[in-house]
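Swiss-Prot has this to say about the protein:
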BINDING   HIS83, HIS182  heme b b562 binding site
BINDING   HIS97, HIS196  heme b b566 binding site
BINDING   HIS201  ubiquinone binding site
TRANSMEM  33-53  transmembrane segment
TRANSMEM  77-98  transmembrane segment
TRANSMEM  113-133  transmembrane segment
TRANSMEM  178-198  transmembrane segment
TRANSMEM  226-246  transmembrane segment
TRANSMEM  288-308  transmembrane segment
TRANSMEM  320-340  transmembrane segment
TRANSMEM  347-367  transmembrane segment
Amino acid sequence: MTNIRKTHPLAKIINDSFVDLPAPSNISAWWNFGSLLGICLILQILTGLFLAMHYTSDTATAFSSVTHICRDVNYGWVIRYMHANGASMFFICLFLHVGRGLYYGSYMFPETWNIGIVLLFAVMATAFMGYVLPWGQMSFWGATVITNLLSAIPYVGTSLVEWIWGGFSVDKATLTRFFAFHFILPFIISALAAVHLLFLHETGSNNPSGIPSDSDKIPFHPYYTIKDALGALLLILALMTLVLFSPDLLGDPDNYIPANPLNTPPHIKPEWYFLFAYAILRSIPNKLGGVLALALSILVLAIIPLLHTSKQRGMMFRPLSQCLFWLLTADLLTLTWIGGQPVEHPFIIIGQLASILYFTILLILMPAVSIVENNLLKW
């Protein structure tokens, strides 16, 4: 009798994706983040579902309902903080996953890479709208500032902003629709993730050496299932340490003050995972220019495959490109730091220099250094 796992229409899909999938024999722990992101997504959907059972998306009661979840619901505080800090873990995994793709040339699978960029935008949109829901000071003013950026679009900007708000300011209609979008987007993300995997499995995984691994494949199970299980264990350990020891470490204290349209917080800033983009936005004095730079800070990833000039796929054997990659990493950390600082000297000029460096590395230096490395190969 043939094994049901290989014949049953549903079991066959799971089998071909997670059991009998041929995988390169040399992929490192940097290839764990796909499964970790899947775990993060499932965790966020589950905790979010339980939060939605108690949350009310009304300006009068939203803040109180979150307080009620934390104080009165059985283990509500655990669910709430797992959801809030789960978003941070999600973004840590996302940034590491994208960084791995850049380092090892995984962007040479264009469909997989481009769907990944769409996924990144979708997760960022979801996180932004989720941050608005508790209706604290930073929720309200963050929503006001970020949605207002769309007014920089010529001709249709103002109408577009009022259309998104559902009125002339961020109010009840805005909160209700943000809750609706925040609820539906994770399911769209799940569907996109399935397509992301579909395209990945068309080509098979890349590997650290960047050379084809067809001659040396091993089954996904048990080798990589056990490896992913270890990664999952470490992820849950990190998340629960954060949740149980310092749940507010990555949050903003201003969000414990109920939203007040008449009182602006001294420093409006988003969650830490948006600070690098926020720093790029603020480094340009012109509003439309800032918005374009903000969009390009992520969209620049889409043209990375077109700028690949190296004869080698990954950076494993390219020390000059490696130096640039780690300079880019340091630059992003600098931007993240600047995004959380007030707009004053010397932070303004540091932010502007870091923003210029970010685009210079990706668009000019990396392709140029790759050409130099190609010529060095001839020696």
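Keep in mind that glycine also has a Cβ here, set from the backbone N, Cα and C atoms.
On the structure: features taken from Swiss-Prot.
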residue	record	Cβ contacts under 8 Å, 6 or more apart
HIS83	heme b b562 binding site	GLN44, THR47, GLY48, LEU51
HIS97	heme b b566 binding site	PHE33, GLY34, LEU37, GLY116
HIS182	heme b b562 binding site	GLY48, THR126, MET129, GLY130, LEU133
HIS196	heme b b566 binding site	THR112, ILE115, GLY116, LEU119
HIS201	ubiquinone binding site	ASP16, SER17, LEU21
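Residues 17, 34, 37-38, 41, 44-45, 48, 52, 55, 57, 112, 115-116, 118-119, 122-123, 125-126, 129-130, 132-133, 143 of the same chain sit 6 or more residues outside the transmembrane segment (178-198) yet have a Cβ under 8 Å from a Cβ within it. In summary, the transmembrane segment (320-340) lies against the transmembrane segment (347-367): three or more C-beta pairs, each 6 or more positions apart in sequence, are under 8 Å. Away from its own ends, the transmembrane segment (288-308) comes close to residues 98, 102, 105, 107-108, 110, 113-114, 117, 120-121, 124, 149-150, 152-154, 276-278, 280-282, 355, 358-359, 362-363, 366-367, 370 of its chain (Cβ-Cβ under 8 Å, at least six residues beyond either end).
In the three-state DSSP scheme, the residue listed as 'ubiquinone binding site' falls into the helix class. Secondary structure at HIS97 (heme b b566 binding site), taken from DSSP and collapsed to helix, strand or coil, is helix. DSSP classifies HIS83 (heme b b562 binding site) as helix under the three-state reduction.
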